[in-house]
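Features as listed in Swiss-Prot:
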type	residues	note
ACT_SITE	SER77	active site, phosphoserine intermediate
BINDING	SER77, ASP292, ASP294, ASP296	Mg(2+) binding site
BINDING	GLU385, ALA386, ASN387, ARG510, SER511, SER512, GLY513, THR514, ARG519	substrate binding site
MOD_RES	SER77	phosphoserine
MOD_RES	SER82	phosphoserine
Amino acid sequence: MSDAEDSDSIVNEFVTAIVRESDKFAKVHSYPMQYGTGGYRADAELLSSVAFRTGVIASFLSAKLHGQPVGLMVTASHNASSENGLKIVNILSSLDSSKWEAYLDQVVNADSADELTVCLTSILKKAKIIPGSEARVFVGYDSRSTSEILAQAVIDGIVVCKAKYENFGLLTTPQLHYMVKASQTYGTPDAIGEPTERGYFEKLSKAYQSLMTGKKIKGTVLIDAANGVGAAKIKELAKYIDPKLFPIEIVNDNIDNPELLNNSCGADFVRTQQKPPNGISAPKHARCASFDGDADRIVYFAFGSHSFHLLDGDKICALFAQFLIDLIRSTGLDLQVGIVQTAYANGASTAFFQKTLKVPVLCVSPGLKHLYHAAQAYDVGVFFEANGHGTILVSHAALSKIISHEVLSPAQFNALKTLKTVFELINQTDGDAITNLLLVEVILAHKNCTLKEWNQLYSEIPSRLIRCEVEDRSIYTTTDAEQKLVTPEGLQEKIDALVAKYTGGRAFVRSSGTEDAVRVYAEASSRGESEDLALRIVELLH
C-alpha cells in the first residue's frame with residue numbers, strides 16, 4: 001500500500017467513526033443553519049446534532065493549530081431561555097474565519113451520513129489535518145436548562161475525534177475567552193494570568209483593589225444580573241474584594257429557575273425597551289447596571305426625577321476613551337487611541353469622539369471579530385457596540401513603550417502605574433460585563449464623577465431600534481459596514497427617500513446575526529420623529 005493510500009485509509013477510518021457516533025445525534029432542523037455573529041442560535045430542541053458536530057470541528061481547529069486550546073461555549077446570550085446556541089471562542093478571529101464558518105455550516109447542515117462523510121473528509125484534506133493529531137477543547141456553558149445536555153453532546157464530538165477536553169462547567173462567555181487565552185500564553189511574556197477561574201478572579205480583584213485604594217466610593221451599585229450566570233460569578237468575585245471597595249447589591253439573580261433568564265430583565269431588555277428591569281427599585285441617580293444572560297454585555301442606568309436615563313455601550317465607550325486619553329497624556333507617552341463602533345452607535349457619540357476628543361473613529365459591521373480586527377490598527381483601541389458589548393485592546397508596541405517609558409515626575413509615575421493597572425483589569429479577549437463594571441466604577445471614583453455628570457458627556461440623538469420578524473432574513477444583504485441594503489433591490493432607495501424627509505434623519509436595516517429577524521434602526525431630531533421613521537421603514541418590509 002502506498003503512503004497516499006495509507007493516509008486515505010486512516011482518514012476514512014477516522015471519519016467513519018465520527019459519522020457512526022453522529023447517528024446518536026439525529027439532525028432535526030429542517031432549515032439551513034448559519035454561523036452568525038453569535039455562533040449558532042436556535043430553539044434548544046434543534047441543537048443536539050449541531051452541538052456534536054461543532055465539537056468535532058472545534059477539535060479539527062485545535063489540531064490545525066498544533067494542539068492550541070479552542071473554546072466552545074454553549075449559550076444564547078440575551079435570547080429567550082427556550083433557545084440556546086454554540087459559539088467557538090477565541091480562534092476564528094486568528095484564522096480565515098469565513099472559510100472555517102463555511103466548513104461549520106457544511107457539516108452542521110449535512111443531511112445524510114454520506115454527505116457528512118464527504119464534508120468531513122474534504123475538510124481534513126483541505127486543512128491538511130492528520131487524524132489523531134494533538135487537539136484540546138475547552139467547554140463552558142451558561143445557566144439554561146438545556147446547556148449542560150448540549151455541552152455533553154459537544155464533549156462526545158470531541159472524544160470521538162480522540163481530542164482532549166476540559167469541561168469548565170458554568171461560566172460566563174468572557175471567562176471562557178479568558179481561559180483559552182490564558183492557557184495559550186501561560187508561562188510566556190504575553191501571559192495574562194493563570195488559566196483557571198481562581199486565576200481570573202485573582203487577576204481582577206488585585207487590579208481593582210489597587211486602583212480603588214484610597215478612593216471615595218459613592219454608594220452601592222445595584223446590579224441586574226438577568227437571572228443568568230453573571231449573578232453567580234459576580235458574587236464569587238465579591239469574595240475576593242474588600243467589601244468597602246466594592247459595595248454591590250445584586251437583583252435578578254435566580255439562576256435556579258432558568259425560565260426567568262432574560263425575562264423582563266438584562267442588558268438587552270433595558271436597552272431595547274428603554275426602561276428599568278423588573279425587580280429593581282433605586283434612589284434617584286443611584287448607579288444601576290444590567291448584564292445580559294452570559295455576562296458579555298453591560299449597560300448602566302439611573303432613575304431621574306421624572307425620567308429613566310440609559311448609559312449604553314456608546315456612553316461606556318466615551319467614559320473609557322476620555323479617561324484613557326487623559327491618563328496617557330499624564331504619563332508623557334505618545335500613544336494613539338482609536339475608537340471602533342458599528343452603525344448602531346448613536347451619531348452624537350461619534351461626533352463626541354471626533355470633535356471633542358479628536359480621536360479617529362472606524363465604523364465596522366457588527367460582531368466581535370470585526371471590532372477586534374479593526375481595533376488592532378491603534379496603540380489603544382476602544383471598541384464597543386451600543387448594546388454594551390466591548391472592551392479595550394492594547395497593542396504589543398504600546399505595551400513595549402509603556403514598559404520602557406522613563407517618567408520625569410512623581411505625577412507621571414503615578415499615572416503610568418494607574419495605566420498599567422487598568423490594562424491588567426480589562427479583559428482584552430472579549431467584551432466582559434464584569435470587568436467593564438469594575439472599570440466604570442474605577443473611573444467614576446478617580447474622576448469623582450456622578451452618573452449624572454457622566455451622562456452629560458454628550459446628548460444622544462433620539463433613536464429607535466425595532467426588531468421585525470420576516471419570512472426570510474437571508475434576502476436582506478448589505479454593504480458599507482451593513483448600513484446600506486443591496487437586496488431586496490430598490491428597498492434602499494425607498495429608505496433613503498423616507499430618511500430625507502426627517503431632520504437629522506439616519507436609518508438602516510440589517511438581518512440579525514443571532515435571531516430569525518431583521519433590525520430597523522432610526523435616528524431623527526426628536527423622539528417622535530425617530531419612532532415614526534422606524535415604523536414607516538418597518539411598513540416597507542411587509
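Placed from the backbone N, Cα and C atoms, the Cβ positions cover glycine too.
Features per Swiss-Prot, on structure.
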residue	record	DSSP class
SER77	active site, phosphoserine intermediate	coil
SER82	phosphoserine	coil
ASP292	Mg(2+) binding site	coil
GLU385	substrate binding site	coil
SER511	substrate binding site	strand
ARG519	substrate binding site	strand
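Least packed by the Cβ count within 10 Å, out of the recorded positions SER77, SER82, ASN387, SER511, is SER82. Other residues of the chain with a Cβ within 8 Å of the Cβ centroid of SER77, ASP292, ASP294, ASP296, the Mg(2+) site, are THR75, HIS78, ASP142, THR172, THR173, GLY228, ALA267, PHE291, GLY293, ALA295, ARG297, HIS389, ALA433. Separating the Cα atoms of ARG519 (substrate binding site) and ASP292 (Mg(2+) binding site) is a whole-number distance of 19 Å. All protein chains included, ASP292 (Mg(2+) binding site) registers 34 other Cβ atoms within 10 Å of its own Cβ.
Cα-Cα distance from ASN387 (substrate binding site) to ASP292 (Mg(2+) binding site): 10 Å (rounded to the nearest whole number). Between the candidate binding-site residues, ASP294, ASP296, GLU385, the densest Cβ environment within 10 Å is the one around ASP294. Contacts of GLY513 (substrate binding site) defined by a Cβ separation under 8 A and a same-chain sequence distance of 6+ are given as GLY36, THR37, GLY38, PRO366, GLY367, in order along the sequence. Per Cα geometry, SER77 is the residue among the recorded positions SER77, SER82, GLU385, SER511 nearest to ASP296 (Mg(2+) binding site). The shortest Cα-Cα distance from ASP292 (Mg(2+) binding site) to any of the recorded positions (SER77, SER82, GLU385, SER511) is found for SER77. On the backbone, the CA of GLU385 (substrate binding site) and the CA of SER77 (active site, phosphoserine intermediate) stand 15 Å apart. Cα-Cα distance from SER82 (phosphoserine) to ASP294 (Mg(2+) binding site): 15 Å (rounded to the nearest whole number).
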